[in-house]
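What follows is one structure encoded as structure tokens, with my remarks underneath.
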Amino acid sequence: VRLVASVPGYHRNEHLNRWGHMKLRAILAAEAFSAEFRKAPLVCQFSSLGSLNPQWLKQFTESLSAGHVESSGAARGMQDGPREGGVMPNQQQLGEVDEQLGEGALQLIWPTVEDVRISSEGYSAGCSIPGPAKNVQKEFLSGLWHRWNAAACGRQRAMPHIKSFCRYHGAHLAWFLLTSSNLSQAAWGALQKRDTQLMVRSYELGVVYLPSTLHAAQKTSGTLFCCSGRHSSFPLSHWQGISASQTPPAGPSSNADNNAEGAANTNGPYTSLQLIHRWPAPGLESCISPGAMRITVQVPYELPPEPYRRGQDEPWKWDVRYRMADWKGCHEAAEASHYDHVKVRAVTDFTCRSETMLTCPAREGVWVLHLSIKS
């Protein structure tokens, strides 16, 4: 994997591309991807929304859209494998500059009010999805919202706190990023001074999975880590030469992985996507030919995501009181919070009494705990 980190500060000159979304842009710009990812959609899934503006969102989209369409020359160069240090040659090293992938459409995955209301924790789950109304209700975001749908993996009622970003086409991923960064200028940084300075406000860390780095790992170590099976690692050859109509051999992959891996339908939805690396890539069919290298990446939501239904779906806002109560009888996140308000009052008389007042969110009334200390 490649690390994508953020460090607070004003980053200029040679440090401009070391942090935040500019680091991700630099990584992707050096990669050659299959032609199927031309103008492919970009998924942003997060659990907190900062104060955005159209100018910054354009910067961020350009970073996520970086990358070149692989050419036959680049493919031949990469077929020779990694150079010293296990690094795959990119197009610039091969002396070729091909067309860019082009800007993809942003798809923002964010729970609806109804998702939070019927979740396993009710509105209190929304306390971990901080999206102020002033940030969520901005007009330029209205056409970008897509639904959180994790029904296929049994997590529909579990509200997300994961943050992930990817570019996909059908059942295939160009790349996948798992990170601590939410969708905010503070986390990813904002370009300033005619794009010569990146201002970052918070510390973040993420890992981006790329086909070229996975191939280099196989050449150098022979195994890859697996987090969804009986074994901690497995040879990459396990995934080679498997047609789309077959399931992988018994071993580290889970049943859910097998089902997604064996699906030939390219219309979705998918919960396990293939991160593929192959050359040359004349078309989508090449991914099922012997020698194709495919790594299953488990994601906790379905792709492609479903856009919000006009007039029915409302993006979650954590500082709003809602008309419909959740299953606990609460109408807002603050009312249902796990962190009940605490009030302490000291009375000096013959005894010193401390009264800790705990609100009862599910019904009217107050629980009062008296702690008496003799003076």
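The backbone N, Cα and C atoms fix where each Cβ goes, and this holds for glycine too.
According to TrEMBL, the protein has these features:
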type	residues	note
REGION	69-90	region 'Disordered'
ACT_SITE	His161	active site, proton donor/acceptor
BINDING	Lys163	substrate binding site
SITE	Ser184	site 'Interaction with DNA'
REGION	244-264	region 'Disordered'
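In this structure, of the recorded positions His161, Lys163, the smallest number of CB atoms within 10 A of the CB marks His161. Counting only the Cα atoms, the space from the residue listed as 'active site, proton donor/acceptor' to Ser184 (site 'Interaction with DNA') is about 15 angstrom. Proximity of Ser184 (site 'Interaction with DNA') to non-local residues of its own chain (separation of 6 or more, Cβ distance below 8 Å) is seen for Ser48, Leu49, Gly50, Ser51, Leu52, Ser202, given in sequence order.
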